[in-house]
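Participant: Sharing a structure with you now.
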Amino acid sequence: MLGWSPRWQGYLAVAEMEAKTPLRAARISAIHRGGGECIVADSGETTTFNLSYPHPARALEQWPPVVGDWAGLDAEGAIATVLPRVTYLERAGVSRSSLMQPIAANIDALVIVEPLRPSPSIGRIERFVALAHAAGISPWLVLTKADLVDAADAREVLERVDYLVDRAFAVSNAEESSLTPLREAITPHDTLVLVGRSGAGKTTLTNALLGLSLATAAVREGDGKGRHTTTRRQLVATPHGIILDTPGIRALAATPDADAIDETFAAITDLARGCRFADCTHDAEPGCAIREAVDLGDLDAAELDRYRRMRAEAQRQIVRADARLHRAEQRQASKNNTRGRRDAMARKGRRR
């Protein structure tokens, strides 16, 4: 039932005690400007809510709600509280001024949907895997459009990326049975978010998990791209679990979580322990175990390059975040000073 479990029941009971009134559990299924939609747990009905008016829930640490959140609705159907989050998935913006952008909450697995045609991007897969590690959720991989490549090529790609993810699958529009391993891997209480570039086949996969045929989506012969486009995040319940389909992501910045990047590139992290210097940059320092592994052919130079680029991006994200925080503090200090001067002038005027 939408991923509801005894844990959420406990959180709701605490929220009801604090609110001193009964609350109805609902899961946020979509967010749009000024409001959104949620599915009520006990009835399955979809209802809308407004985020644009003042409400006590605005004081919550987890406000505003995001897709995947569990909320407690009051008697009027308004959001009275947002239950504590188990996981929180977000990504860094690609522009210099962008803040972290929420994707979803309370997700069990990040399903990276990558087409086999055109050729899959290992770098994009690595970046999504790092996002999953940063959120503390399981990374999965689904390679779509296996019917457009040779079976041997599909197996080769699976073998190349298998170490990156907890589960990997290849599905074919021409073989309905290719979806069986994925369906069997999902439990009814699982919530999965599908991510990938536009045209990867996320919506086709969602429809297939809803019970529609994989072959229902038309595919253009030239580039292998499907014809439908997801324009917003939408949570849907399927017989195999809860699926969140997301719009295609054109550019994916590295997560600012350096530990998550290190976890993604575990082989490099393990090798780094053998470097002579603890602060080795793996460039030209003597005794660098990573450079030695590259020279011996034990480590792909391209993988090292992707790792270094992601770590450099992560550092820039941290610097930008610190700069934004500093500017915000300065603006607040300026407002406080202005308010203080006005109050002082008002008191001075009253004394005259």
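Cβ atoms are placed via backbone N, Cα and C, with glycine included.
A TrEMBL annotation is a machine prediction, not a hand-curated record.
Not my notes, these are from TrEMBL:
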{"type": "BINDING", "residues": "T144, K145, A146, D147, G196, R197, S198, G199, A200, G201, K202, T203, T204", "note": "GTP binding site"}
{"type": "BINDING", "residues": "C275, C280, H282, C288", "note": "Zn(2+) binding site"}
{"type": "COMPBIAS", "residues": "322-332", "note": "compositional bias 'Basic and acidic residues'"}
{"type": "DOMAIN", "residues": "105-250", "note": "domain 'EngC GTPase'"}
{"type": "REGION", "residues": "322-352", "note": "region 'Disordered'"}
Participant: Do you know the DSSP helix, strand and coil residue counts for the domain 'EngC GTPase' (105-250)?
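Facilitator: Computed counts for the domain 'EngC GTPase' (105-250) are 52 helix, 38 strand, 56 coil.
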Participant: If we count other C-beta atoms within 10 Å, could you say which of the binding-site residues K202, H282 has the fewest?
Facilitator: H282
Participant: Which site among A200, C275, C280 has the most other CB atoms no more than 10 Å from its CB, taking these as binding-site residues?
Facilitator: A200
Participant: Let's check the environment of T204 (GTP binding site): how many other CB atoms sit within 10 Å of its CB?
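Facilitator: Around T204 (GTP binding site), other Cβ atoms within 10 Å: 25.
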Participant: Around the C-beta of S198 (GTP binding site), how many further C-beta atoms are within 10 angstroms, looking at every protein chain?
Facilitator: 13
Participant: Among T144, K145, A146, D147, G196, R197, S198, G199, A200, G201, K202, T203, T204, which the record lists as binding GTP, how far apart in Å are the two most distant Cα atoms?
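Facilitator: If we measure all Cα pairs in T144, K145, A146, D147, G196, R197, S198, G199, A200, G201, K202, T203, T204, the largest is 19 Å.
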Participant: Measuring CA to CA, name the entry from the binding-site residues C275, C280, H282, C288 that ends up nearest A200 (GTP binding site).
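Facilitator: Nearest candidate: H282.
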Participant: Roughly how many Å lie between the Cα atoms of K202 (GTP binding site) and H282 (Zn(2+) binding site), rounded to a whole value?
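Facilitator: About 38 Å separate the Cα atoms of these two residues.
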Participant: Where's the emptiest Cβ shell within 10 Å among the binding-site residues A146, C288?
Facilitator: C288
Participant: For the recorded Zn(2+) site, enumerate neighbouring residues of the same chain (Cβ within 8 Å of the Cβ centroid of C275, C280, H282, C288, site residues themselves excluded), in sequence order.
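Facilitator: Apart from the listed residues, the neighbours are A272, R276, F277, T281, D283, E285, G287, A289, I290, R291.
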